[in-house]
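What TrEMBL annotates here:
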type: BINDING; residues: Cys84, His404, Glu446, Asp476; note: Mn(2+) binding site
type: BINDING; residues: Arg123, Lys341, Arg372; note: phosphoenolpyruvate binding site
type: COMPBIAS; residues: 10-24; note: compositional bias 'Polar residues'
type: COMPBIAS; residues: 267-283; note: compositional bias 'Pro residues'
type: REGION; residues: 1-24; note: region 'Disordered'
type: REGION; residues: 258-303; note: region 'Disordered'
Amino acid sequence: MDGEHPDGSGATNGTPSTAWSPSSWRTKPIKQQVIYDDQSAVDKALTKLQRVPPIVTPTEIWKLRRSLAEVAQGKAFLLQGGDCAELFDYCNADAIDSKIKLLLQMSLVLIWGGNKPVVRIARMAGQYAKPRSSPMETVDGKQVPSFRGDILNGYPLDQREIDPDRLVQAYFHSAATLNYVRAQLASGIADLHKPMEWHLGHIGDPELQRKYTTIVDSISESLRFMRTVGADTAGQLETVDLFTSHEGLLLEYEESLTRKLKHPSNRTPPPPTTNPPTAPPKVSPLTGGALTDPTLIPTPEPTTGYYNTSAHFLWVGDRTRQPDHAHIEYLRGIENPLGIKVGPTTTAADLTALLHTLNPRNEPGKLTLITRYGAPHIAALLPLHIAAVRETGQTVVWQCDPMHGNTRSTSSGIKTRSFAAIFDELAAALRIHAECGSFLGGVHLELTGDAVTECTGGSQGLRDADLGARYETFCDPRLNEKQALELAFLVAGSQRRGDGTV
């Protein structure tokens with residue numbers, strides 16, 4: 001039987017289906033596997049996670065899916081950003097507020113540029129696991145376990161042993177972070193009537209200040225006019241949706257927070273599927289013909305589905321997206337919208353297989369393709385992948401991640417990224433999509449609201465020698481507030497022109 005499993009527990013890629021369950025990934029090969037020393041401690045942690053309340057709800061998940069369907073059709077734009085590796089220590093009011101305000105500022109610029117809604121997804125409230133090239137690394141001439149994110153071990157050398165209790169800590173830090181985000185949004189932090197209260201923090205550049213203030217003044221004038229004529233829909237302008245996301249890397253954790261739940265009322269029903277009848281059709285005694293179509297009968301639509309309740313949106317990384325491996329096996333069965341990192345090693349055949357496996361009914365809003373080639377490679381690779389997707393007939397969100405393909409190390413061994421390379425890849429993505437008759441639906445950035453010095457370049461002119469001033473990341477370098485806003489203006493300018501140029 002093709003299509004969705006009868007109990008709603010997953011989909012297949014058109015081959016005879018195999019039963020899916022939240023644990024069926026355990027039968028597949030796996031990359032980035034975690035080896036624990038104390039399995040009883042792991043079992044205890046997972047049992048606890050299986051009993052805790054969901055962090056997010058099916059209604060929220062479907063609200064995001066419907067919004068992403070708008071992005072896939074060019075009616076909205078997707079902004080996704082946050083820390084590379086979220087730390088438990090980032091679960092504090094100042095750190096959360098700075099990221100919320102930066103995403104709000106960037107989205108305001110993008111709304112001005114594209115004249116369309118912006119869907120906001122934070123790399124926050126769960127981005128605690130990080131893939132690594134090797135489970136071990138050399139520090140000061142000594143081999144130690146690699147830092148794999150706070151959900152597994154700590155960054156200090158004396159905390160590098162894998163600790164199963166961190167699985168439970170990750171849940172509670174995620175829940176506390178999202179609880180504060182919801183409270184701040186409900187309290188009016190995103191009120192469009194007060195955009196200057198999203199102060200520009202560490203930005204001292206007069207030109208950037210002028211650009212942002214001009215946008216704010218334009219919006220404020222429009223709001224004053226609406227209020228004067230009695231058309232100010234204040235309730236719709238006082239808050240926004242901010243969804244959460246993380247890489248679906250640690251499958252034991254994701255499985256434990258997967259629940260079979262009733263579909264919400266805001267769910268968009270998928271296209272109907274049909275299956276061969278299980279019994280021969282009735283025959284008319286008058287004509288001898290079939291009373292019903294003997295070839296197809298409708299498949300009943302399930303009323304429940306499996307939801308990953310740890311985040312609204314999950315993505316699969318460049319290291320774990322093998323079509324026949326464990327991570328794809330897990331992701332194919334959940335209702336959440338999904339992202340796929342697409343890079344230089346992604347073949348057209350693998351991309352096609354992933355689309356059919358993860359979105360067999362071609363539901364808009366289900367899949368986001370997050371391209372991360374590196375500035376030197378995007379011109380050769382992106383057109384091939386656009387063509388491959390077009391051949392499948394799938395409607396996807398095209399999102400550019402200009403960060404991960406442009407990482408380099410300085411002569412002293414500090415990991416950094418060049419703003420110029422990030423700019424070049426994003427600019428190329430805008431141009432190539434326009435040339436191919438496609439469109440860029442979103443950006444995916446690693447950023448922070450703090451005045452860090454982790455990426456070189458930008459209008460500040462940061463050089464390799466400047467990185468030590470505030471190099472605070474525990475994994476990959478992030479854009480600071482000023483650099484992130486500069487990229488937002490790049491995209492906004494291209495959207496206003498509408499020709500893919502920057």
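The backbone N, Cα and C atoms fix where each Cβ goes, and this holds for glycine too.
Unlike curated entries, TrEMBL annotations are predicted automatically.
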Rounded Cα separation (Å) that holds between His404 (Mn(2+) binding site) and Lys341 (phosphoenolpyruvate binding site): 10
When distances run from the Cα of Glu446 (Mn(2+) binding site) to each of the binding-site residues Arg123, Lys341, Arg372, the nearest one: Arg123
Between Asp476 (Mn(2+) binding site) and Arg123 (phosphoenolpyruvate binding site): CA-CA distance (Å): 14
Cα-Cα distance maximum in Å, computed over every pair in Arg123, Lys341, Arg372 that the record assigns to phosphoenolpyruvate: 16
Count of other CB atoms lying within 10 Å of the CB belonging to Asp476 (Mn(2+) binding site): 18
Integer Cα-Cα distance in angstrom, Asp476 (Mn(2+) binding site) to Arg372 (phosphoenolpyruvate binding site): 14
Phosphoenolpyruvate site shell beyond Arg123, Lys341, Arg372, criterion: Cβ within 8 Å of Cβ centroid: Glu247, Trp315, Gly317, Asp318, Gly339, Ile370, Asp401, Met403, His404, His444
Residues satisfying Cβ distance under 8 Å from Cys84 (Mn(2+) binding site), sequence separation of at least 6: Arg123, Gln127, Lys130, Glu446, Thr473, Cys475, Asp476, Pro477, Arg478
